[in-house]
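Peer 1: Reproduced below are the annotations present in Swiss-Prot:
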BINDING   Gly67, Pro68, Glu69, Ser70, Ser71, Gly72, Lys73, Thr74  ATP binding site
Amino acid sequence: MATNDEKSKALAAALGQIEKQFGKGAIMKLGDTQALDVESISTGSIGLDVALGIGGLPMGRVVEIFGPESSGKTTLTLSVIAQAQKAGKVCAFIDAEHALDPIYAAKLGVDVKELLVSQPDNGEQALEICDALVRSGAVDVIIVDSVAALTPKAEIEGDMGDSHVGLQARLMSQALRKLTGQIKNANCLVVFINQIRMKIGVMFGNPETTTGGNALKFYSSVRLDIRRVGAVKDGDEIIGNETRVKVVKNKLAPPFRQVDFQILYGEGISKNGELIELGVKHKLVDKSGAWYAYNGDKIGQGKANAMKWLAENPTVAAELENKIRAELLANPEQALLADIETNSEEKEDFE
């Protein structure tokens with residue numbers, strides 16, 4: 001018995017030393033559902049906010065969102081900006097890809113008149129602008145789109161066939177060493193969008209990797225893997241994407257949760273669709289056959305009609321959202337178990 005007590009004391013001392021050296025949340029038990037008390041910004045997806053464990057993306061931290069082309073990376077970040085602006089936050093978008101569409105951003109709820117936008121000429125300029133905005137202490141959310149487009153100045157000024165091995169990785173490593181402490185002090189959320197590349201010659205295991213070296217993987221408090229897993233159809237017409245996001249790293253709550261939601265073209269994340277699905281799953285919305293009911297009142301036959309009813313009754317939708325958030329964020333283990341059950345069913349169906 002004494003041996004177990006000594007082990008417990010030694011473990012507690014080791015955990016205390018690790019947290020003292022590397023910060024709160026550097027190590028935790030996977031089953032520990034107690035999330036850190038950190039200010040967060042909603043992603044616009046209720047399910048993803050719950051999967052993150054703290055109600056959204058954390059302020060004062062670095063976040064990486066990566067995935068294949070057309071998976072919804074920029075849409076998700078624009079949704080974060082829209083939610084941040086609603087909360088009175090100042091947002092900036094560093095558009096290294098030179099591909100930001102202000103009309104599409106406005107459709108997602110972004111106040112484009114108040115959004116700070118920069119289209120830098122090279123990677124060094126982009127990261128210097130990011131550093132200056134963070135140091136100002138006046139900007140709350142900064143999106144960098146994307147790491148792959150942060151081309152080093154030497155590569156731009158060189159000839160097309162020149163070799164520039166490791167330049168971008170060194171640039172990112174140096175920038176993140178400078179930025180991380182300032183981001184924490186300024187309580188600013190910095191989100192890096194990243195692309196996926198294939199490692200050559202990988203016979204076993206996952207050949208996918210992200211650009212820009214390993215520094216961003218280490219410095220990120222949250223890493224989100226976003227994928228398009230299907231199409232949303234209205235009859236024969238495709239009107240959106242079925243999207244799956246997996247939390248592959250999380251320093252603020254247990255990681256490895258995943259969530260599915262819909263991204264509708266020209267509209268963004270389908271919040272009302274999530275309200276219906278999560279409401280039914282957690283018995284806040286009743287489903288009988290094709291009919292959906294809330295508080296004993298029928299709200300529509302079929303999911304599309306129920307979503308339309310919620311869109312026409314925003315007060316009720318807000319009430320339902322608050323109930324779902326209160327229940328799931330108060331009991332994150334319930335949401336985690338529901339995810340595990342869902343994933344198990346999907347695997348059985350696949351087999």
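Keep in mind that glycine also has a Cβ here, set from the backbone N, Cα and C atoms.
Worth saying up front: this structure is predicted, and the values here are computed from it rather than measured.
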Peer 1: Least buried of the binding-site residues Ser70, Ser71, Thr74, going by other Cβ atoms within 10 Å?
Peer 2: Ser70
Peer 1: What other residues of this chain sit with their CB within 8 A of the center of the CB atoms of Gly67, Pro68, Glu69, Ser70, Ser71, Gly72, Lys73, Thr74, the recorded ATP site?
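Peer 2: Result: Ile226, Arg228.
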Peer 1: Including all protein chains shown, what's the count of other C-beta atoms within 10 A of the C-beta of Glu69 (ATP binding site)?
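Peer 2: Glu69 (ATP binding site): 8 neighbouring Cβ atoms within 10 Å.
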Peer 1: Can you name the residues of this chain that are 6 or more positions from Lys73 (ATP binding site) yet have a C-beta less than 8 Å from its C-beta?
Peer 2: Ile65, Phe66, Gly67, Asp145, Ser146, Ile193, Ile226
Peer 1: For a quick check of packing: other C-beta atoms within 10 Å of the C-beta of Pro68 (ATP binding site), how many?
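Peer 2: So the Cβ neighbour count for Pro68 (ATP binding site) comes to 14.
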